[in-house]
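The transmembrane segment feature in TrEMBL is assigned to 16-37, 52-78, 99-129, 149-169, 176-196, 202-221.
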Amino acid sequence: MLKLMKLELKRFKLKGYMIGFAICSIVISAFMIMMIFSPKFDDSRVVENYEMLFVMISTFIRATFMVYAGVLIANLVVSEFKDRSITVLFLYPIPRKKLLTAKLLIVVILTYFAMLLSYIIVGTIAVTVSQFTDLIPGSLTFDLIQKNAVVFTYSALAATGMSLISLFFGMRKKSTVATIVSSVILVMIVCSNNMGYSLDQIIIIPIILSLIGVSIAYLSINKIDHVDIN
């Protein structure tokens with residue numbers, strides 16, 4: 001499986017995705033800095049405490065990289081069925097199930113670790129800025145950092161599972177656009193803030209959606225032998 005994943009990674013040059021990752025992290029960092037500096041521009045304070053800071057960082061990163069996962073699924077999986085280039089791979093003595101599993105594992109691993117790395121980068125930048133400017137009320141403790149880091153580890157895992165839901169819409173229509181659009185709509189539904197609350201704060205909802213995403217991936221792998229490429 002590892003060899004197959006390495007071959008897939010060689011086929012798809014990931015430099016563009018790495019650049020995309022860097023841009024996403026920079027944009028989120030810049031946005032968080034703007035939020036921290038909000039008291040300088042008017043009387044309102046967007047980030048009321050460090051707990052809110054970490055929640056905002058978590059939400060923005062998960063939302064961004066769920067769409068990022070949709071792009072990966074569109075390019076690594078759906079596009080190959082759309083233009084039928086997958087038929088070339090099916091000529092090799094490699095089970096279809098194993099091939100699709102390798103592709104989806106790449107998506108899952110890249111998405112999850114992109115979220116974790118971005119959280120470290122954005123969190124470090126935001127905390128450093130806040131410490132130097134003293135614009136966020138309250139004190140920052142190691143326990144608070146540790147607690148939010150642990151919570152994000154599980155939240156990122158759930159978000160990665162949720163991102164697989166877009167596979168259903170992409171494979172159904174064999175459309176890369178449908179794949180990406182469905183991931184955007186999912187983010188808008190789950191991560192949008194309404195009066196200070198979002199659906200992903202209700203712990204059971206991310207868990208259920210994550211299980212649905214994993215189930216879709218599992219069913220897609222099991223049905224791949226019967227998928228009509230033409």
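From the backbone N, Cα and C atoms, a Cβ is placed for every residue, glycine too.
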Stretch with greatest number of CB pairs under 8 Å, the transmembrane segment (52-78) reference, 149-169, 176-196, 202-221 candidates: 176-196
Beyond the flanks of the transmembrane segment (99-129) by 6 or more, those residues with Cβ under 8 Å of it: 1, 4-5, 8-9, 14, 17, 21, 24-25, 28-29, 32-33, 36, 50, 53-54, 57-58, 60-62, 64-66, 68-69, 72-73, 76-77, 89-90, 140, 145, 149, 152-153, 156-157, 159-160, 163-164, 167, 217, 220-221, 224
Contact set, same chain, for the transmembrane segment (176-196): CB under 8 Å, 6 or more residues outside the stretch: 59, 62-63, 66-67, 69-71, 73-75, 78-79, 82, 162-163, 165-170, 205-206, 209
Interface check, the transmembrane segment (149-169) with the transmembrane segment (16-37), three or more C-beta pairs under 8 A: no
